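Per TrEMBL, the features are:
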type	residues	note
COMPBIAS	1-12	compositional bias 'Low complexity'
COMPBIAS	54-66	compositional bias 'Low complexity'
COMPBIAS	79-107	compositional bias 'Acidic residues'
DOMAIN	177-262	domain 'PPIase FKBP-type'
REGION	1-124	region 'Disordered'
REPEAT	364-397	repeat 'TPR'
TRANSMEM	446-468	transmembrane segment
Amino acid sequence: MGAAVAAAAANGHGRGGAERPNLVPEARRPRLGAGRGAQDPKRGSRSQRANSRPPSSMASCAEPSEPSAPLPAGVPPLEDFEVLDGVEDAEGEEEEEEEEEEEDDLSELPPLEDMGQPPVEEAEQPGALAREFLAAMEPEPAPAPAPEEWLDILGNGLLRKKTLVPGPPGSSRPVKGQVVTVHLQTSLENGTRVQEEPELVFTLGDCDVIQALDLSVPLMDVGETAMVTADSKYCYGPQGSRSPYIPPHAALCLEVTLKTAVDGPDLEMLTGQERVALANRKRECGNAHYQRADFVLAANSYDLAIKAITSSAKVDMTFEEEAQLLQLKVKCLNNLAASQLKLDHYRAALRSCSLVLEHQPDNIKALFRKGKVLAQQGEYSEAIPILRAALKLEPSNKTIHAELSKLVKKHAAQRSTETALYRKMLGNPSRLPAKCPGKGAWSIPWKWLFGATAVALGGVALSVVIAARN
């Protein structure tokens, strides 16, 4: 046993070399351990790991289970051989350094997903190429179209709408025939504001307002605010407007807020005053269209006013209300005739004038327009007496004077043309020959003489036949 210990000590001295002493006093071992820990914290931890390992064969040899014989002279006590732990540490450090070098070589390890490197390719499965080919052949789904801010109402780019403030959830849109209330701000293209109406009331589809409003409001929700850009074609056209002042051919920007939308009134249940108010409102809309030379919309508004007046009523009206409605009907019929005359709808205009003259035979406007309609149809012989009757009612009217003079001249030219045409049809030359001086006043054309002779002969023959029968 003692010889084994001596050999172990000799081996320890051989490994440590001349620089490491064979034996280290027990008092210096803590300082050496502390020094190694201070120089390299990792080494201190490695020493701790080494100490935590199971005891080596060398350590087991240093702790005999049986009492051994006394050591020879010159051999230090057994407790001084604890330095073998330090020798084992040195060997463990060399082995751990080699292990650390092996651990530091991480080139063969798979990359971390957190580093953003591509994952290791998986082994190709059967049919992968076919699936990739089919996927490449499939057309890619078209991306969903982005919502357009501007809505092209008519598809020609001349009337567009953009929602500024959407309506509340569950709000509905108005339909034709409903009465709507809007807040309207009208501006030119340069931003100049020309009109603002906080409470504009009109009926959808009745042409009460410009077409830009009549076409865009049905596309709005109640409570919505929208911007509408409209070409002059759908606003005030080439004539412009005096009130509000709109230049000719001016495009407009309309900021519209739809406040309310309710059903239109029942005409049969309207009172007399309500009928008068409704008919007056439609007539004023027609006058505005007429001033802008939009005669189609004007005729439509006048026709709606007449319909409101003449519809059947379930509510009794006073005599004064009936008189107001009759006077209003005459005005609307006269204005309707003027619009129809501008549109060259002569039959319709003649019918409107005749309806006015049924209620008021001495209505000068109706007489004048009826005479103009007949003149346009070429009925000068009928138009001239009517215009003369109108001039008799108002002799100072220069317009009737001018029209009547013009018709008289046209009528004379027409008569001369008709006479020449009749002569041409009868075979007579356009210029009649001068009368022969030998012929007297009793000279009879030979055609008439031949005709009289034939009649006489026929009478004689008839009398002979009657006598023979008797």
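The backbone N, Cα and C atoms fix where each Cβ goes, and this holds for glycine too.
All TrEMBL annotations are machine predictions without curation.
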Three-state composition of the repeat 'TPR' (364-397), taking helix and strand from DSSP: 27 helix, 0 strand, 7 coil
Positions whose Cβ lies under 8 angstroms from the repeat 'TPR' (364-397), at least six residues beyond its ends: 333-334, 337-338, 341, 344, 346, 349-350, 353-354, 356-357, 403-404, 407-408, 410-411, 414
Confidence summary (mean pLDDT) of the domain 'PPIase FKBP-type' (177-262): 93
Secondary structure content, the domain 'PPIase FKBP-type' (177-262) (per DSSP, counts of residues): 15 helix, 40 strand, 31 coil
